[in-house]
Amino acid sequence: MARVQASDELVPRPIFEMPANAEVRDKQNSDNCSQDSGVKLKKRINLIDGVAIIVGVIVGAGIFVSPKGVLKYSGSIGQSIVVWILCGVLSMLGALCYAELGTMIPKSGGDYAYIGAAFGPLAAFLYLCVALLILVPTGNAITALTFAQYLLQPFWPSCDAPIEAVQLLAAMITCLLTVINCYNVKWVTRVTDIFTGTKVFALLVIVAAGAWYLFSGRAGHWDSPMDGTLTAPGFIALAFYNGLFSYSGWNYLNFVTEELRDPYKNLPKAICISMPVVTIIYVVTNVAYFSVLTADEILASDAVAVTFGDKMLGFMSWLIPFFVACSTFGSLNGAIFASSRLFFVGARNGHLPAAISLINISCLTPIPSLIFLCILTLILLFIKDVYSLINYVSYVEALFTLLSVSGLLWLRYKQPKIERPIRVNLALPIIFLITCIFLVVSSVFQSPIAVGVGTGIILSGIPVYLMTIYRPVGWLTKLSIYLNQCCSKFFICMPNQEKFD
């Protein structure tokens with residue numbers, strides 16, 4: 001049976017196409033690469049690394065902060081727990097749908113590859129533009145700033161740390177992790193494994209403290225758990241948005257499918273292991289929060305975990321900011337690793353300058369793509385209102401996730417004979433699709449300005465597509481060729497030599 005030819009369907013590549021004479025083979029520097037394999041991304045991620053990437057990216061700062069937002073729009077601790085459980089189930093459904101897409105279209109790039117295979121190059125290009133401008137660098141910048149704020153908090157216990165110090169530390173950690181990602185994939189996976197263990201341990205400390213408090217006979221907060229429940233659809237949607245923010249990242253392993261060993265087995269296994277683990281940890285962590293803190297205390301706190309630590313851990317309360325910093329450090333590391341592959345694949349398919357698709361011949365990592373992502377993140381770090389971009393992220397992300405799952409259903413209809421190593425029950429993508437539609441439509445009524453701006457950013461990619469892909473401008477083509485030649489020499493890189501079926 002044939003597979004979807006994702007990389008073929010994502011062309012044309014006129015403006016950013018690498019010219020034939022630019023593909024110079026440097027034989028003296030290719031000793032690190034076997035002649036039969038060529039210069040390409042190597043399959044270095046095993047099952048444990050895959051689980052660590054998913055858990056590591058998902059468990060960032062969200063679970064330490066988001067319980068406030070979920071409670072605010074749920075109205076009661078009982079409904080908050082229900083929302084956390086349903087968000088985990090919904091994320092699991094989405095991840096299983098992506099497992100089918102990832103094994104049917106075994107290309108890195110995640111949503112970009114799936115949207116392109118189902119709906120063509122324009123839709124894929126629009127997703128790439130939004131990821132380039134909003135989704136990826138904004139998420140990475142905010143994660144880096146959160147790391148810096150929590151790490152510096154003990155030095156400024158009675159006030160906020162100076163914004164300049166926060167920005168500089170965030171920039172330093174972004175550059176450090178970029179260097180690690182450039183140098184060695186094994187280093188990346190080791191950092192991910194270590195810090196995933198650290199953040200899980202931190203949540204277990206919170207759970208243990210909450211369990212001790214609860215079983216010591218102080219369960220008064222659970223006498224009427226559903227009091228004050230809000231049932232309006234708009235509030236329910238906002239509660240889900242806050243909960244899903246903490247689960248975001250479940251699709252990041254799909255960004256690096258080409259580097260995953262035996263993806264047909266390890267991709268679904270990693271999903272089936274990591275998602276229930278994250279859901280259980282999240283739910284019991286929230287039970288611990290609600291057992292110790294009153295609803296008013298949670299709503300008044302900007303960092304629920306820190307308030308919890310101040311009340312339960314005494315002189316050891318400094319551990320919570322430290323653990324949050326470790327959590328965001330590991331999350332940022334995984335996000336940089338996975339999201340850089342998105343831009344690498346986009347450039348390989350001709351939708352970004354060809355220089356971004358180059359691979360270093362010694363490290364076999366996409367160094368130009370990583371540096372490109374680092375520069376975008378650093379720019380956003382020093383924008384004063386970077387947090388305002390969060391308002392647009394949830395809507396845009398939900399919209400393109402909806403489009404990806406719609407692509408799964410469309411490919412089932414359009415190409416029913418394509419080989420599908422994993423084939424989920426049809427009810428799962430339909431349920432997930434209906435939920436995404438509900439969240440997107442609710443956003444229109446609850447945050448019309450954010451939706452309007454997000455939609456405008458998406459549509460602004462159409463004229464860019466026409467100028468660079470459909471009918472390219474000559475000087476841009478020359479600029480792309482020059483940039484490619486400079487990056488090839490400066491970073492000692494070559495184009496990807498992997499042949500796709």
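Backbone N, Cα and C define each Cβ position, glycine as well.
Straight from TrEMBL, the features:
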- 47-65: transmembrane segment (TRANSMEM)
- 77-101: transmembrane segment (TRANSMEM)
- 113-136: transmembrane segment (TRANSMEM)
- 165-183: transmembrane segment (TRANSMEM)
- 195-215: transmembrane segment (TRANSMEM)
- 235-253: transmembrane segment (TRANSMEM)
- 273-295: transmembrane segment (TRANSMEM)
- 315-337: transmembrane segment (TRANSMEM)
- 358-383: transmembrane segment (TRANSMEM)
- 389-411: transmembrane segment (TRANSMEM)
- 423-443: transmembrane segment (TRANSMEM)
- 449-470: transmembrane segment (TRANSMEM)
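Distant neighbours of the transmembrane segment (47-65): 143, 146, 150, 189, 192-193, 195-196, 199-200, 203, 245-250, 252-253, 256, 260-261, 266-267, 269-271, 273-275, 277-278, 281-282, 285, 302-306, 320, 324, 327-328, 330-335, 337-338; these residues of the same chain sit at least 6 beyond its ends, with a Cβ under 8 Å from one of its Cβ atoms. Comparison of 77-101, 235-253, 358-383, 389-411 by number of C-beta pairs under 8 angstroms to the transmembrane segment (165-183) places 358-383 first.
Below 8 A, the CB atoms of the transmembrane segment (423-443) and the transmembrane segment (235-253) form 3+ pairs separated by six or more positions in the chain.
Where the transmembrane segment (235-253) meets the stretches 77-101, 273-295, 315-337, 389-411, 449-470, the count of C-beta pairs under 8 angstroms peaks at 77-101. Counting C-beta pairs under 8 angstroms (sequence separation of 6 or more), the transmembrane segment (389-411) reaches the transmembrane segment (77-101) with 3 or more such pairs.
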